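Visitor: Below you'll find the structure I mean.
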Amino acid sequence: MKVVLLECLVWMMAMMELVSCECWSQADCSDGHCCAGSSFSKNCQPYGGDGEQCEPRNKYEVYSTGCPCEENLMCSVINRCQSA
């Protein structure tokens, strides 16, 4: 039973690694994505679409909880993307 649980855990970690792309800066991410996360674990995440969580753009391009919004959208005071 322990072996099965360990195999499941390893499989889940491998899948998470495939889905997310680790990054150190914006330059590590492809177009339409930003580098966001904690100081120890940042991943390339897509820019926010209409109604999705966001962080306002900043000159340092440092984001912790999510990316800025896609073009033509703005990040509202409640951190949701909406029409500009």
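Yeah, the Cβs are placed from backbone N, Cα and C, and that goes for glycine too.
The model shown is predicted, which means the values in this text are computed figures rather than measured ones.
Feature table excerpt (Swiss-Prot):
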- Cys23-Cys35: disulfide bond (DISULFID)
- Cys29-Cys44: disulfide bond (DISULFID)
- Cys34-Cys67: disulfide bond (DISULFID)
- Cys54-Cys75: disulfide bond (DISULFID)
- Cys69-Cys81: disulfide bond (DISULFID)
- 1-21: signal peptide (SIGNAL)
Visitor: Would you list, in sequence order, the disulfide-bonded residues among Cys54, Cys75, Cys81 whose CA lies within 10 Å of the CA of Cys34 (disulfide bond)?
Guide: none
Visitor: To the nearest Å, how far is the Cα of Cys54 (disulfide bond) from the Cα of Cys67 (disulfide bond)?
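Guide: For Cys54 (disulfide bond) versus Cys67 (disulfide bond), the Cα atoms are 5 Å apart.
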Visitor: Give the sequence-ordered list of residues that share a chain with Cys35 (disulfide bond), lie 6 or more positions from it, and have CB atoms under 8 Å from its CB.
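Guide: Those within reach of Cys35 (disulfide bond), by Cβ under 8 Å and sequence separation of 6 or more, are Cys23, Trp24, Ser25, Gln26, Asp28, Cys29, Lys42, Asn43, Cys44, Gln45, Glu61, Tyr63.
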Visitor: Can you tell me how far the Cα of Cys81 (disulfide bond) sits from the Cα of Cys67 (disulfide bond), in Å?
Guide: 10
Visitor: How many Å separate the Cα atoms of Cys67 (disulfide bond) and Cys75 (disulfide bond)?
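Guide: On Cα coordinates alone, these residues lie 10 Å apart.
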Visitor: Just jot down the residues in the same chain as Cys69 (disulfide bond), at least 6 apart in sequence, with C-beta under 8 A of its C-beta; none if empty.
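Guide: Those within reach of Cys69 (disulfide bond), by Cβ under 8 Å and sequence separation of 6 or more, are Tyr47, Gly48, Gly49, Glu52, Cys54, Cys75, Cys81.
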